[in-house]
Amino acid sequence: MGVKNPWEPVQTYSNTQTPRLRKELNVHNKDGSFGILTTQVSKLIDWGRSSSLWPALFGLACCAIEMMSTTGSRFDLARFGAEVYRASPRQADLMIVAGRCSVKMAPVLRQIYDQMPHPKWVISMGACASCGGVFNNYAIVQGVDKIVPVDVYVPGCPPTPDMLLFGFTELQRKIREGIPNPPDPLEASGLKLVGPVGEDQ
Ligand code: SF4
């Protein structure tokens, strides 16, 4: 007489799985047919864009450390199709402003933004990037939305990688829903940035 297998009920159950959908609902045919999918080309393109964002390799201060953690194995930004940080703005369509932006850095930031091809998006990461944070002084830009159009603001000092991930998924949602970029602050104000990389010194 053999030893009774204590796992037999579990094994029997897992080998005879019940269907996940009730048959009477008739919402999913598993007969091998492909069925018909209808959509709009624009929606398909938006979905593709939202799933393959390439951020520019660009960090300004302590928030950038958290941004780097987001790409590590623990948080794994690659799950959302955005792990390919590009060293050239010409190959990037997302700018994550991670950290405080000094007045001297502002023309550089804007030039990188201008060099990115359309369509493009901006995430403002952290209190400093969004509103100057604790640096309420003449040297720090009091919000990068005075220089570039910001699509998503991620609060915190610093925001944790999962907060950045949440901001990132919000941006994906905006892209999929076809929500346009906010107005360009420089175009709206008619102002022009001058500085180390500007034409007008
Ligand atoms: S928000 Fe905090 S962590 Fe981020 S750049 Fe400012 S001081 Fe550093």
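Backbone N, Cα and C define each Cβ position, glycine as well.
Annotation comment: TrEMBL describes C62, C63, C128, C157 as [4Fe-4S] cluster binding site. Under DSSP, C62 ([4Fe-4S] cluster binding site) is assigned to coil, being neither helix nor strand in the three-state scheme.
What TrEMBL records for 62-170 is domain 'NADH:ubiquinone oxidoreductase-like 20kDa subunit'. If you take every residue in the domain 'NADH:ubiquinone oxidoreductase-like 20kDa subunit' (62-170) and average the pLDDT, you get 92.
Sequence annotations record features per position, and here TrEMBL assigns region 'Disordered' to 178-201.
Of the listed binding-site residues C62, C63, C128, C157, the Cβ environment within 10 Å is emptiest of other Cβ atoms at C157. Following the DSSP three-state reduction, the secondary structure of C128 ([4Fe-4S] cluster binding site) is helix.
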